[in-house]
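*Asks:* Take this structure, written in structure tokens, and hold onto it; I'll ask about it next.
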């Protein structure tokens, strides 16, 4: 009788090509997503060594990091030039490399273009039980549909392009179980912020986290993708949520998803992708969903999380000297004083978007708060950036764009946008941004930018009041 296995172990075992004496395994990669920032050197390496792409049919290229979110075509439909030379060069390289190596390429002006981690599941290219890699740290996002997905470096991008495999050490396993019902105003983003604050930014180091429990199962696929997206912020290699009927309903009929008898066979296999009764994890964390409130970050690490009803902590309250020093440094950068009520912190900028929170459910949540309201006079810059052209079209069909525009926010084209300072969307130095993205590192949204991570509804609430606000106060 085989021993009970976790979901991670099942997917791992199914992809082992070769096991080595030191425990390292050669793993087959089912799907490879490529974008413009981490791929130029990889393609150059292939070209220099005379190699081809081993499985172009398992590879999909999408530009997302550097693309501007302002209009990309003029009135005549001609493509507008990219102002930044480095960005223009990277985008041009991907546009040249993908067809040269026989890789499917979604053009920057194609209707289905978007953030790679939104496009993958949306197109059905990402599937349960698959191994998925991308030269991007937030590849863990695809774990929301039950895929083992993780980010890789540029040299590994080249290796996967050439061989469709990677040499990897197996990870430890960790369960984060969230049981019970969440309260009003609490979203998937609040759940993962709370988890990150609980386990810490290094809590999952060396592990793959499986998110379980009734609160996780109750989430939509959009919510599950948000959870897995930020597994890396808890230090984990990847995040996983077991596929179920919600997953199958989401994927059915998508362009790259299996069809007909292949679909039936796939679902039959996907149903086996659950952790066996009796399987053990290396680490287990249990969280009561009732303890989770609308949350916000105060510092420069994703673990710096408090409820919106809380206050800025005093560095002296940290017993660990390194954390005490980090907290003091964070507060100096963020321009905050210990004891300040989070609801008294003003914000000048609002960003609703990123691979964490730019799907249709996220935009609906923000629009529900903004409907019939206007952004506060103190908010200088507020943008809504859909995760893909298909999300944008759906939002416009539902009239969400009009709600955002009428509220005084800008409605943009799809892309990574202000999540990271690699395109024109940057937060000015010394100013704050209520952001639905995943990282609040020093300079992440621009040199000197001060980031507060929140949910889409919380970002919308901040837009209305001009300060960090408990969205529950604005809910009907």
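Every residue gets a Cβ built from N, Cα and C, even glycine.
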*Asks:* Same [4Fe-4S] cluster site as 416, 419 according to Swiss-Prot: which of 355, 433?
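*Replies:* Looking at 355, 433, the one Swiss-Prot places in the [4Fe-4S] cluster site next to 416, 419 is 355.
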*Asks:* Please report the number of other Cβ atoms within 10 Å of the Cβ of residue 416 ([4Fe-4S] cluster binding site).
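*Replies:* Its Cβ has 30 other Cβ atoms within 10 Å.
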*Asks:* Taking the centroid of the Cβ atoms of 355, 416, 419 ([4Fe-4S] cluster site), which other same-chain residues have Cβ within 8 Å of it?
*Replies:* 64, 65, 115, 117, 138, 353, 354, 356, 358, 415, 417, 420, 437, 438
*Asks:* Which residues does residue 355 ([4Fe-4S] cluster binding site) neighbour through Cβ under 8 Å, counting only same-chain ones at least six apart?
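*Replies:* Those within reach of residue 355 ([4Fe-4S] cluster binding site), by Cβ under 8 Å and sequence separation of 6 or more, are 115, 116, 117, 118, 138, 141, 229, 387, 416, 419, 438.
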*Asks:* Inside 10 Å of the Cβ of residue 419 ([4Fe-4S] cluster binding site), count up the other Cβ atoms and send me the figure.
*Replies:* 28
